[in-house]
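Presented below is the structure to which this report refers.
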Amino acid sequence: MTSKAPADRDSAATPAALLRASPLPPLEARVLLTHVLGWRQTQLITRADEALDSASVQCYLALQARRVAGEPVAQLVGIREFFGLELEVTPHVLIPRPETELLVETALIAMENLARPRVLDLGTGTGAIAVAIASMRPDAQVSALDRSAEALAVAARNAARLLDRKRPGGAVTFAQSDWYDSLDASLRFDVIVSNPPYIASGDPHLSQGDLRYEPRGALTDEADGLGAIRAIVAGAPRRLAANGVLWMEHGYDQAEAVRALLVAQGFTQVQSERDLAGIERISGGRLAD
Ligand code: GLN
């Protein structure tokens, strides 16, 4: 038997109808609609033919129009999942990308045999890397820096919401700093990680897709794309403890250049790791004493 909608139901205003009529990729439409309704994804199926109130419908259509015009889904819903964590996202921070999970995994392996590892995340943005490491290693002492006060506020909220208040490593500490500039000179770290701005200033990707809506300072060094990486590599020896490691994310074609910078700075065991797309996406090395 086919189900029949009651006469008072506006068939254009059911989840099924909204999704069918949406110009967006289905996954994006579902993310926006569940956000508006406060539903789980499965409820879009179990309640697919339910009439929605017009306020919800208007709200969804407004978000859909903004997405069609180009705004990133993560900014429209204010959240992006990273390493199993629901991170708050605003227009002041880079949207966490799945490939950056490789940086977290690699950093975690590097600190496997260390108790209470001291970790520094440079240019933390949402706090994605720092918070993911802190959540996986409750004993790690994690510091995170960013030059943007707005980003630090987002990162601090993410840490406060997602981390155990009583974690043995203590709260993640956040400070405003242009790379290492404001860091106490006496501090040493076992692991330094960063996903710095690495897109060259003239790269056409900066004026395409989500990147148009993300903070430019989180994407490009306004130079050849290696400026931030040079600064991070150059400053690392003074900040790393004996046998400390540095790992950075970089562009798809920068691995060789980044490895050369690490070698020139005296790093050993210099290597790159490939992301799920097979691209050398992160490079790092160890600073022997
Ligand atoms: N991964 C981003 C992109 O290429 C760039 C992020 C960055 O510069 N750190 O879209």
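Any Cβ shown, glycine's included, is placed from N, Cα and C.
Note that the structure is a prediction, hence the values are computed from the model and not measured.
Counted within 10 Å of its Cβ, the other Cβ atoms near Gly127 (S-adenosyl-L-methionine binding site) come to 32, all protein chains included. The S-adenosyl-L-methionine binding site annotation in TrEMBL covers Gly123, Thr124, Gly125, Thr126, Gly127, Asp146, Trp179, Asn195.
According to TrEMBL, the substrate binding site annotation covers Asn195, Pro196, Pro197, Tyr198. Sequence-distant contacts (6 or more apart, same chain, Cβ under 8 Å) of Pro196 (substrate binding site) comprise Leu122, Gly123, Asp221, Ala228, Ile229, Ile232, Met248, Glu249.
Marked as domain 'Release factor glutamine methyltransferase N-terminal' by TrEMBL: 17-78.
Annotated domain 'Methyltransferase small' per TrEMBL: 110-201, in sequence order.
Candidate binding-site residues: Gly123, Gly125, Pro197. Fewest other C-beta atoms within 10 angstroms, Pro197. Every protein chain shown contributes to the tally, and the Cβ of Asp146 (S-adenosyl-L-methionine binding site) ends up with 29 other Cβ atoms within 10 Å. Mean model confidence for the domain 'Methyltransferase small' (110-201) is a pLDDT of 98.
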